[in-house]
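Enquirer: From TrEMBL, here are the annotated features:
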type     : residues : note
TRANSMEM : 27-46    : transmembrane segment
TRANSMEM : 52-72    : transmembrane segment
TRANSMEM : 93-113   : transmembrane segment
TRANSMEM : 119-140  : transmembrane segment
TRANSMEM : 147-166  : transmembrane segment
TRANSMEM : 172-195  : transmembrane segment
TRANSMEM : 221-238  : transmembrane segment
TRANSMEM : 244-264  : transmembrane segment
TRANSMEM : 276-294  : transmembrane segment
Ligand code: HEM
Ligand SMILES: CC(C)=CCC/C(C)=C/CC/C(C)=C/COP(=O)(O)OP(=O)(O)O
């Protein structure tokens with residue numbers, strides 16, 4: 001998208017809060033938490049200061065990718081009610097500055113991670129940023145209703161990055177965490193897309209409910225919920241987690257399937273069940289990763 005496509009603005013009101021908003025702090029806080037859990041579960045002992053710097057680098061990289069996404073998607077954000085007051089469409093930050101800010105922080109985060117941990121982690125971080133910005137934002141988002149299924153790989157990689165930062169490896173266990181987030185992303189996002197469908201229609205973004213309709217989206221949400229609930233308990237069966245995790249993940253998985261069932265059974269246009277599922281999806285992912293973390297911390301004391 002070119003700068004000329006955006007309305008001319010008087011860019012004199014930008015403050016630190018606007019640059020912070022470019023980092024998508026609310027979404028990225030959970031992303032950073034999953035990376036932290038990946039670090040906590042990995043074997044190996046990285047110096048605590050280097051571990052803290054590594055987590056900071058991942059956080060900066062995640063935020064930077066959000067800024068680059070907002071730079072590229074400024075035209076879409078300007079027509080969606082949910083995003084119209086973001087720093088670029090509201091005219092507080094020029095697009096070129098958001099690009100420079102996101103680009104600079106991306107490079108900084110990858111170099112910082114290479115210095116603090118290892119090249120595998122830095123390479124994975126660079127790939128994650130590339131995947132979200134180039135593969136998802138610049139390509140898939142505007143071209144296919146499978147955009148967030150494939151693009152979801154970017155959001156699923158942070159625990160693998162964290163694991164690699166701590167241990168220099170990316171074994172099966174790290175990829176199980178990846179798989180859980182990967183399978184979680186479609187029901188997480190499509191629940192929201194069901195009640196924000198008008199936004200995406202106006203913006204011409206081919207999200208699933210826009211292209212295939214509500215009924216098909218609801219069925220797909222339910223199918224993903226079943227596979228997600230099954231994969232959510234997988235860490236127990238590969239000896240990565242214990243009975244506490246098994247209980248938490250089984251309960252959370254059952255709730256996820258129940259709420260997705262309500263979405264499936266909802267009437268055309270009924271938004272309540274989808275709103276509940278979207279809210280719960282965040283609690284689900286947080287709860288699952290928190291349970292893994294609690295078990296890991298408890299293992300130091302028991
Ligand atoms: C391609 C993948 C994803 C897509 C398309 C997506 C999409 C969205 C959208 C559109 C929102 C609403 C944001 C807003 O209100 O402005 C949202 C909220 C949220 N997402 Fe995702 N998401 C994805 C992956 C993730 C991942 C991987 C995580 C964390 C691990 C995550 C965590 C959250 C959280 C915590 C919120 C709530 C933010 C708030 O309360 O403002 N999302 N997501
Ligand atoms: C370490 C690292 C680089 C992490 C990145 C993780 C990542 C890719 C998270 C994606 C989450 C997200 C904000 C998706 C929004 O999709 P959207 O851009 O279509 O949503 P929008 O309409 O709110 O902009």
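Cβ atoms here come from the backbone N, Cα and C positions, even for glycine.
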Enquirer: Most CB pairs under 8 Å with the transmembrane segment (27-46): which of 52-72, 119-140, 147-166, 172-195?
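Expert: When the Cβ pairs under 8 Å are tallied, 147-166 comes out ahead.
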Enquirer: Find the member of 93-113, 119-140, 276-294 that has more C-beta pairs under 8 Å to the transmembrane segment (147-166) than any other listed stretch.
Expert: 119-140
Enquirer: Other than its close neighbours in sequence, what residues sit by the transmembrane segment (276-294), given a CB gap under 8 Å and a spacing of at least six beyond its ends?
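Expert: Result: 30, 33-34, 36-37, 40-41, 159, 177, 180-181, 184, 187-188, 191-192, 195, 221, 232, 235, 241, 244-245, 248-249, 252, 255-256, 259-260, 262-263.
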Enquirer: Could you give the residue numbers and ranges of same-chain residues that sit at least 6 residues beyond the transmembrane segment (119-140) on either side and whose C-beta is under 8 angstroms from one of its C-beta atoms?
Expert: 54, 57-58, 61, 64-65, 68-69, 72-73, 106, 109-111, 113, 146-148, 150-151, 153-155, 157-158, 160-162, 164-165, 168-170
